[in-house]
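Here is the structure we will look at, set down as structure tokens.
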Amino acid sequence: MTASTVALALFVASILGHCWVTANSTGVASSTERSSPSTAGLSARPSPGPTSVTTPGFYDVACSADSFSPSLSSFSSVWALINALLVVVATFFYLVYLCFFKFVDEVVHA
């Protein structure tokens, strides 16, 4: 098994793992899990419309995107670290086995 095959296998495993985590962590309820409220015993009166609609202004909305800090308490951050480690290890093996040994062979044969 060559180093490029190992690197490709690690890459595919990383992608499949990410897709599995993304598919299982959507948190969206399916249509079978939703329940409709029961209307038994309620009169059919129309509900009053909204009295006033207030839209938030530009400065009323808070955003904390610039204060992101990684946390090791979530599964996704641990999974991202594992993926990064796999990429670093695969890159190391790729460089050592393909580039370095080709360089040594060229120097020895020249």
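Glycine is treated like the rest: Cβ placed from N, Cα and C.
As recorded in Swiss-Prot:
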type	residues	note
COMPBIAS	28-41	compositional bias 'Polar residues'
REGION	28-51	region 'Disordered'
SIGNAL	1-17	signal peptide
TOPO_DOM	18-80	topological domain 'Virion surface'
TOPO_DOM	102-110	topological domain 'Intravirion'
TRANSMEM	81-101	transmembrane segment
* **Chain residues in Cβ proximity to the topological domain 'Intravirion' (102-110) (below 8 Å; excluding those fewer than six residues from its ends, i.e. six or more beyond)** => none
* Structure fact -> Counted with DSSP (H/G/I as helix, E/B as strand, rest coil), the topological domain 'Intravirion' (102-110) has 8 helix, 0 strand, 1 coil
* What average pLDDT is reported by the model for the topological domain 'Intravirion' (102-110)? -> 82
